[in-house]
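> My questions will all concern the structure given below.
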Amino acid sequence: QPSVPPVPNYKLSMSIPEWLQAIQTYMKMLQYNHTGTQFFEIRKSRPLSGIKNLLGKSWLAISWCLGCQTPCLGYRYLTNGQPSVERFPISFKTHFSGNYFHHVVLGIYCNGRYGSLGMSRRSDLMDKPLTYRTLSDLIFDFEDSYKKYLHSVKKVKIGLYVPHEPHSFQPIEWKQLVLNVSKMMRTEVRKELEKFARDMRMKILKPSSAHSPAKERSRGKSLSPRRRQATSPQRRACRRDKS
């Protein structure tokens with residue numbers, strides 16, 4: 001039975017990079033799951049309010065990280081409560097030796113710099129320091145790291161900022177921007193990424209679910225049409241007398 005390390009807490013004496021490093025160190029202590037076995041269902045559509053319950057059942061309880069997606073949810077939970085730290089998912093689809101591979105990390109934006117938190121078998125495909133001036137610089141660094149392992153990046157997906165409200169029922173937006181980078185020049189990729197990053201910083205972009213919102217039922221009120229009230233015999237008799 002592995003030991004469960006204490007969850008790191010933010011202290012006022014900590015800088016943001018120090019706090020992020022403490023979280024990454026904690027996640028590394030939980031270890032990476034090399035078995036390839038999925039111990040429970042992971043739904044990417046899970047709302048933010050369900051993440052704490054998910055973590056309580058999985059790696060926070062058994063001290064075992066599951067691949068890269070569950071730690072990504074864990075990073076989102078552990079970094080909650082710091083409005084100056086924006087979090088958003090970054091997904092990669094790569095090709096190697098006739099097979100396709102998928103990987104996801106949590107992008108970080110704070111004080112005009114980008115970085116990431118994540119888990120991987122490769123040390124340069126997980127956490128990145130909060131030193132990148134642009135989002136494209138961060139993505140290109142991941143792409144260069146993949147090349148060292150003979151992986152070619154086919155697609156990059158960028159999600160929206162994750163709200164800090166822990167009880168939100170809004171699901172995480174995993175792929176607001178999808179780039180087929182294998183068929184694009186780097187100048188084109190940079191242009192698309194910087195436009196997207198600028199719109200995110202200005203909070204212009206909305207979740208795709210917001211484009212076609214479902215009708216909300218008012219609390220305590222019915223949406224069904226009102227029924228016409230039947231006229232009582234007494235009222236009908238009263239009308240006859242007046243006529």
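Cβ coordinates come from backbone N, Cα and C, glycine included.
According to TrEMBL, the feature active site maps to Cys68, His103, Ser120. The compositional bias 'Basic residues' annotation in TrEMBL covers 220-229. Taken from TrEMBL, the feature region 'Disordered' applies to 204-243.
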> Mind checking which of His103, Ser120 has the fewest other CB atoms within 10 A of its CB? They're the active-site residues.
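The active-site residues His103, Ser120 were compared, and Ser120 has the fewest Cβ atoms within 10 Å.
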> How many Å lie between the Cα of His103 (active site) and the Cα of Ser120 (active site)?
8
